[in-house]
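Report on one structure; see the data block that follows.
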Amino acid sequence: MTQEQSTSVLIIGILTLLSLIPWAVAFHRAGTFGDWDHTATLVFLVGALGNLPATLYVIVAGRRERLGPLGDVVIGFPEWVNRVGTVSNGVLLAGSVIFVGHRLLIARARINTAPLVAVVLVLTLAASDGLHGQPLWTPRQLTLLAILLAASVARPGRSALLGGAAVAMLYTVLGGVEALIEPATVIRPCRSDNACGVFGVLYAGVFPNENIFSLLLVVCIPFVWLGLRGPVRVVLACYLALLAVATGSALAGATAIATVVLLTMLRPRLPDEETGTAGGWTPGRNLLALCALIPAAAVGLAMPFRHAGSGELRLRAAIWDLAKEEWTGSPLLGYGGKAWSGKYYEGEIPAAVSPSLHNQWIDVLYAGGIIGLVLFAALLAYLLLRGGARGFPVAACVLLPILLTSVLERPWSFSISNSLTFALVAATLLPVGARIRGGTAEVSQGHGRVKQSATHSADRHL
């Protein structure tokens, strides 16, 4: 590690310690307003436990490469890490079942539509697995299904976003502490095919690589801005954007900056913040949001089909072409969520591209066919429109980092539970917009309506 890299890592560690102050202020305020509830706990646990095995391995073992008997690099984790993953998966599965029972039998919760659309997409991929000889269900697939069913009876609104913000707090703090204690373990070596970022490092925190960490950071920026209260949320959102730039990922850095800019320009507000005025909504702001979302979605959809196939995209272009060629053999239902990763074990693709096709749109198309792609597009459209015109800025800010990263990554998995499943859950629990009547804001949070005066926006939940 060079002196410049040591300085960058030290600065990140110091910034992390300083960030504890606004984090503490923000979550104290959340407690004062009663924002934290069972839904926030669900989202937080999905994010914390979903990332636990990999981050625990980095904290305990560092970044030493595992070598086989012949000196080749071994892909995957040691057996003890897999056992931790099994336990985490079991806890999430059992916790989701308990959550569903509690919400249906005791809380009498209403059903949320958005998570059910995601459930149908998961079932579509599972059916395609069965049709093509893949195992019909795996533990992580069942866990994803259980988590989405739990989301279908959870409370939409601020608490879900707050849970996502808590995930960001947990892993940024862990990364910063690790940067101060073992600075060499939080960065990855720069290479000719993976150059250092603007800070001279590839900052990965406590994650196996910087790409996983950068995706978590950028999808959490809207959660922090919207889920927390007060000016500190702006500071923390900018802090996450800075860390995203420090990871060295050009896609994450650009996405983080674009997301903060859109949040600043739209100034979205949740229904429990709105008063008798238009709040954070105007037709012009909605038009601006559309101008950001439509190009992002169009580029992401077109990229696998209209790529140059050279330079840094050479490997991605190769796997996209392979997927397109094979997809024509099963265009309606695709090949299932397990087919692509299975190619690594058959020696057809390298390990680096085995988790996904590195583009959300073609990943869904390959796994679920045209039906899967239509369901995915329907989910995005429903999330954007369910809150009406007043809820559009909030949904746009949450979905922009998803659409931007979808160009070269796959942020949402519909085949297994993974490190970003919590972000999918939080996004499907966006609040329903408020209808303003005179001096009273009638706030719909998905189950029940809370009438608030125009001068009092505290939303107290159990």
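Just so it is clear, glycine is given a Cβ too, placed from its N, Cα and C backbone atoms.
Remember, it's a predicted structure, so these values are computed and weren't measured experimentally.
Copied over from TrEMBL:
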type     : residues : note
DOMAIN   : 236-377  : domain 'O-antigen ligase-related'
REGION   : 443-462  : region 'Disordered'
TRANSMEM : 6-27     : transmembrane segment
TRANSMEM : 39-60    : transmembrane segment
TRANSMEM : 80-101   : transmembrane segment
TRANSMEM : 113-131  : transmembrane segment
TRANSMEM : 161-181  : transmembrane segment
TRANSMEM : 212-228  : transmembrane segment
TRANSMEM : 240-266  : transmembrane segment
TRANSMEM : 286-305  : transmembrane segment
TRANSMEM : 364-385  : transmembrane segment
TRANSMEM : 391-408  : transmembrane segment
Spell out yes or no: are there three or more C-beta pairs under 8 angstroms between the transmembrane segment (391-408) and the transmembrane segment (212-228), with each pair 6 or more apart in sequence?
yes
Cβ pairs under 8 Å with the transmembrane segment (113-131): which stretch of 6-27, 39-60, 286-305, 364-385 has the most?
364-385
How about long-range neighbours of the transmembrane segment (212-228): same chain, 6 or more residues beyond its ends, C-beta under 8 Å?
26-27, 29-30, 35, 51, 54, 158-165, 167-168, 171-172, 175, 203-205, 234, 236-237, 240-241, 243-244, 247, 249, 251-253, 255-256, 259-260, 263, 268, 270, 394, 397-398, 400-402, 404-405, 409, 411, 419-420, 423, 426
For the domain 'O-antigen ligase-related' (236-377), how many residues does DSSP put in helix, in strand and in coil?
96 helix, 0 strand, 46 coil
